[in-house]
Amino acid sequence: MVSAKILNNGELLTLSLDKASGSGFQSKNEYLYSKIDAQLKLVPGNSAGTVTAYYLKSPGSTWDEIDFEFLGNLSGDPYILHTNVFTQGKGDREQQFHLWFDPTADFHTYSILWNPHRIIFYVDGTPIREFNNLESKGVLFPKKQPMRIYSSLWNADDWATRCGLIKTDWSLAPFTASYRNYNANACVWSSGSSSCNPNSGSSNSSSWLSEELDATSQERLELVQKNYMIYDYCKDTKRFPQGLPKECTVNVS
């Protein structure tokens, strides 16, 4: 059985997958709003069928979840970065990207900002996706359920690579992904209360609670989406014949 390993005096964590088992980890604390960063180096070579996941999730059948998932591929073909946002157990908000670098060659920083106003996904400090709080327009937003941070490496060859056409080559196992420099600025949830007040003023330590994209960051986001986004649920009219989800059509004020 292959599992998680802590190496280099606690500075490096590896997750491994073989045919018998995958592996993962979770945070001890629950958070209600956070900005989390971790550096990942993904499974190299033929990683088809594998998924490296890094996400926030609450428990229960009507859970909230904010996802980074890295879908493996054949050697020489690019990884797909899959993002999704679930509210009260409902997702279907996928956006997918190719990366502008080889995510297996070195460590890169993947960040999730989750505050009362918006969710932003970052890669090496560059925003790639924003999901705004549009509750005033009737769109659900995750704000009531504390979440833990999870990561896992698992086999999903029924769907992960070319819709399941390419299967995991177990002769190449174990597959290993590496993590380092994990950091969380967060409101820790304990015994029904938060360690910080989202309505308080923005000190340096909690400025992320009101963080938003400035004009330059907005331009970078739009450039990434123009050049590297390969799927956007908000443009998939065949998938939503009754009309696109509301957040795809309302204006952000």
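Glycine is no exception: its Cβ is also placed from the backbone N, Cα and C atoms.
Feature annotations, courtesy of TrEMBL:
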- 1-179: domain 'GH16' (DOMAIN)
- E65: active site, nucleophile (ACT_SITE)
- E69: active site, proton donor (ACT_SITE)
- N73: N-linked glycosylation site (CARBOHYD)
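Features per TrEMBL, on structure.
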residue: E65; record: active site, nucleophile; CB count, 10 Å: 18
residue: E69; record: active site, proton donor; CB count, 10 Å: 20
residue: N73; record: N-linked glycosylation site; CB count, 10 Å: 20
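Per-residue confidence over the domain 'GH16' (1-179) averages 94 (mean pLDDT, predicted model). For the residue listed as 'N-linked glycosylation site' paired with the residue listed as 'active site, nucleophile', the C-alpha to C-alpha distance reads 25 Å.
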